[in-house]
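Enquirer: Sending over a structure as structure tokens; questions will come in a sec.
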């Protein structure tokens, strides 16, 4: 067969991705590095001088970190539990984890509007039991974004970790326990270190997912608690400020790549340490 | 593996956390009051009727279905040959090409929507529909390349080589031997990419126009002005479709294949 054909396929795809992804990105982002024809970061320095912009960047990162930590704390025990049950139950539990993952993020955030809203469950329960007299403002807060994002990304963390948990041999735990370790100590000394490389991979997905999510912060944080993605949409669509939107785009990509590289590096390092111990 | 009490308690809590909110949506979709309230008073199916009478939901559903299917098929058409070439041929810069084709996943969805709107709609003057199609193609392509790539890796190359020695050309062997062997991977990647496209909001946010709204974005704009159980009812319908799809995947491939 002609040698050129395989290249032809790859090239076609390359041209499509270049033309519809890379070039549009560059044409939007490159102008943010120029000011009156000079190559400069001045647009970025003035962006970061604005205290409102600062607060949005910091809030976005803070929310992403908190969500990542909560997902890890809840995801490690849950995936450990799922990996340990009988085959029949495991299928069901995995299907139950996948179901929210395959359900639209609008629906999943809508569920939390029903719970946290002024007329939501929490408020009506508290009002009826006379604990409070005025409904609480739970919605449009950082707390709401955090809980909605945990809800969104916890299944991702669990699915990433199940495979890792399954590969841990149960004999190791038994050995630890026959040697006198309590279940908790056995967990801390065996399961936890072995699951960390997987947890880092999961954390990358959760962190970058939370950082770039649009629907949940839009519905649960609104205009009061802006994050990078909602601010980007507002700048571009409501205010028509294309320059600021492009700056925000670059900042989002920059943080995403940075965190991915950082966590990948960490995962590799931890992996090597676990290998040495084994 | 020995059961550990603490873990079990956390796991039960997590499953309650994952399912109670969805259960709440199901219950409130039957309430008779015009605002979403819990516990509900009375029982009605009117909100379900309302879903089918809301024009923006019907047109949104049709558009999401059309874009999802077209974009995913397009991604298959481009992506499957690429996966094959990257897996079976010795070509220079293989790993660079691989990460290049997975790169759309690094770009945040809202940014993809934003730059495509600028490029396709404003600079090139194409319709929003074309923008949506390309945007959804871009987010589907990495799924196709990854899932099809892994099923190509799992497939035994010697079966293919046997076909060549028996006189098949490479193209013929690809169609007669390789495609049937990786069909479940193709199906899984199609399903995954389609669901992802159907659920996607950020890429579609900028790419909407008069009469052109994807289903999730029409739900979002409906919610801006209404807080009645219509959205609950629609959510239940979408959840039912998700269940049906999961059953189909389980029956054909096993759910484990898509995780």
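Even glycines carry a Cβ here, placed using N, Cα and C.
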Enquirer: Of A:92-113, A:114-135, which range does TrEMBL call transmembrane segment?
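Expert: The range carrying the transmembrane segment annotation in TrEMBL is A:92-113.
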Enquirer: Checking feature assignment: transmembrane segment per TrEMBL, candidates A:226-246, A:247-267. Which range matches?
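Expert: Among A:226-246, A:247-267, the range TrEMBL annotates as transmembrane segment is A:247-267.
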Enquirer: Counting only residues 6+ away from its ends, which parts of the chain sit with a Cβ under 8 Å from the transmembrane segment (A:247-267)?
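Expert: Hits for the transmembrane segment (A:247-267): 25, 28-29, 32, 43-44, 47, 57, 61, 197, 200-201, 203-204, 207-208, 211-212, 228-229, 231-232, 235.
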Enquirer: Going along the chain, which residues at least six beyond the ends of the transmembrane segment (A:143-164) come within the CB cut-off of under 8 Å?
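Expert: The answer is 63, 66-67, 70-72, 74-76, 78-80, 82-83, 94, 97-98, 100-101, 105, 108-109, 111-112, 116, 194-195, 197-199, 201-203, 205-206, 209-210, 213, 216-217, 219-221, 225, 227.
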Enquirer: Which residues of the same chain, at least 6 past either end of the transmembrane segment (A:190-214), have a Cβ under 8 Å from a Cβ in it?
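Expert: Distal contacts: 60-61, 63-65, 67-68, 71-72, 75-76, 79-80, 105, 149, 152-153, 156-157, 160-161, 163-165, 168, 172-173, 176, 228-230, 233, 252, 255-256, 259-260, 263-264, 266-267, 270-271, 274, 277.
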